[in-house]
Structure formats: C-alpha cells, structure tokens
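What Swiss-Prot lists as ATP binding site is THR58, VAL59, GLY60, GLY61, SER62, GLY63, LYS64, THR65.
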Amino acid sequence: MQSWVNKLWYDGHVLRFALWPLSLLFAAITWFRRQLYAVGLKPQATFPVPVIIVGNITVGGSGKTPTVIYLIELLRKHGYKPGVISRGYGVQIDGVRSVYPSNNANQVGDEPAMIVARTNIPMVVGAKRIDAAQQLLNDFDVDIIISDDGLQHYALARDIELIILDGERRLGNGMLLPAGPLREGGWRAAAVDHVIVNGGEAQSGEQQMLLQPTLWHSVNGKQSPDTAPEPEQDVVAMAGIGNPSRFFDTLADMGYRLDKVQAFDDHSAYSEATLTALAGELPLLMTEKDAVKCREFAKDNWWYLAVDAKLPHSFDQQLLTRVKQVVEEKQR
C-alpha cells in the first residue's frame, strides 16, 4: 500500500488527475475550517506559556521527532523547562495520559515513548491537544509547551510554528490529499516562523537540518556498544518510518553490507516472530523509533542507531530571541 501511494504522490502517477476533484473538495474544507478560527467563529485555547508547534504540511514522517528532541535540549541549555504534548498516533488513549520512561510504545505511541526514553521530558499524550496541554501545565513544572505535530490543530493557539520538510521528497506532486501528500497548500510554508529541511538541500529562507548518526545501542539494553556490528559486516535492516530508504542509504554509506532490507509502514506494530524470521542469524539494524516497539522481545544482536539533529547556530539564535519575546508578551 505504501509503495503504491509513493508512486502516486512522488513519482508522477497519472491517477493523481482522477483524484484531483477530491483534492479540490479537501482544499475547500480545510480552507473554510481555518477561516473559522481566523475570524474568531471557532475559539482557540491559549496558554500562559509559549506554545511551539513542530509539524508539517505533508503526510508521513519528515523528521519531527529528532527536531523535538533538538528543541528540548536547546531550550534546557538556556534555562527553560519545556514539556511536550502529542497525539500518540497508533494507540487508543481515553482522555489524556502522562508519559514516563517505563511506558512502552503500545501504551503511549512510538514517538512519545522514544522522546521520553531519550530525554525524560515531561510529556502528555491524548487526542485532544488542549486537554493534554492543560494537564502538562497542571502536573509538571513547565514553562514552554512543544507540540509534536498539530500544525493543523487550530483549536490550539500557537506562538511559534515550525514546519519540517523532507528535503528529498519536498512537496511531492504539489497536490492536496488524496491526489497528493499535502495536508495544506504549499502557501502554508510561507506563513510559519521556520521551514526546516531534513536532508536534501535547503532553499532560500529555509533552515538546513542534518541527522547525524551517533552510536549503536543494544535494543534490549543487554549488550555494550563495543560489540555492535562493524562496517563491512553482513546485516539485515528494517525501518518503519516515513522514508525508510533514508535509513537504508545511511547504513550503506556507513559501509554495512545489507543482506536484506524490509520497509514497514509508519507506526507499524512488530511481533517477535516476524522480526526473528526476518533477521535469521544476522544482526538486525533498526531506527530508534522502531526499537521502542520491540525492546521487550529483542534478541542480543538487534541494534538501533541513535541520530542527533544538527541545525544552524543562526536558527538557534532566532528561535531563542522569539521565545524570549513571547515570554515577555505573556507576562505583560
């Protein structure tokens, strides 16, 4: 299914023209809904602390989670106490739920589990982001709210908007759902504070982000990084992210011999039997996001690659300046 959609959205499949009338309808609905909030006919919830939205205008993963982790570390370094809210995709959550390092992905979603495991950040997940934000402020000592996704959740007022764009795929065929990958028109990118480009090449006015591999970690936590597979070794690779080929290309660039690769749909659930059969006796390499979903049954030779986002110093300075301005405005 995912490969067919990729052909439609990114490879110029002619079927996109048949779906164009539905895209026009989708565009009209989303525009009308946005205008209801813009003119005040539908209320927006505001909060006494800055709200930063990390989202995108395309369907699928683009690098939001590494960006959220980058923001957490940047803001903490400068004395802020951020917290994160998220939808918790792929799991059914009644109301809202605080996320702790002991939670697994089946309880809170894969991205929240990964973010909290890496940073131990205060975090609340739930379908209603307003309720999640309120519980975050009620239960934790937080002075900035970061929303992992939620760019189109206009009921939540925001102070800073960041769009993460896949630098290789960019806007695909430029069409809205279902003919293309866009949730909103490309014009939306011009209305946000920053467009962050993951990979590829940033265009004028965009911020270039690089995902830098750091260290191999044992998925089950029982093995030392010193025993991780070495380059030139035969391995099996898997990825259930928005753009799996990016991970496979990274491994090839690092020198690993990919005996087999398996792309799964984003937010896929994994079973021990499926992954054991996939790997056989070879080391199984995966992303950090995949690892949080199989650490309970992982074998000793399963590894995940941690990556750190790198952004220009100028972006850091601009963001911190804007955060300071918002804090001062809210204190008046």
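Here the Cβ of each residue, glycine as well, is placed from N, Cα and C on the backbone.
Features as recorded by Swiss-Prot, highlighted on the structure.
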residue: THR58; record: ATP binding site; Cβ contacts under 8 Å, 6 or more apart: LEU165, ASP166, ARG169, LEU171, GLY172, PRO181, LEU182, ARG183
residue: VAL59; record: ATP binding site; Cβ contacts under 8 Å, 6 or more apart: LEU177, PRO181, LEU182, ARG183
residue: GLY60; record: ATP binding site; Cβ contacts under 8 Å, 6 or more apart: ASP166, PRO181, GLY242, ASN243, ASP266
residue: GLY61; record: ATP binding site; Cβ contacts under 8 Å, 6 or more apart: ASP166, ILE241, GLY242, ASN243, ASP266
residue: SER62; record: ATP binding site; Cβ contacts under 8 Å, 6 or more apart: ASN56, ILE164, LEU165, ASP166, ASN198, GLY242, ASN243
residue: GLY63; record: ATP binding site; Cβ contacts under 8 Å, 6 or more apart: ILE164, ASP166, ILE196, ASN198, GLY199, MET209, LEU211, ALA309
residue: LYS64; record: ATP binding site; Cβ contacts under 8 Å, 6 or more apart: VAL54, GLY55, ASN56, GLU111, ASP148, ASP149, ILE164
residue: THR65; record: ATP binding site; Cβ contacts under 8 Å, 6 or more apart: GLU111, MET114, ILE115, ASP148, LYS289
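The secondary structure of LYS64 (ATP binding site), as reduced to three states from DSSP, is helical. Within 8 A of the CB centroid of the ATP site residues THR58, VAL59, GLY60, GLY61, SER62, GLY63, LYS64, THR65, the other residues of that chain are ASN56, ILE164, ASP166, GLY242, ASN243.
According to DSSP, THR58 (ATP binding site) sits within a strand segment.
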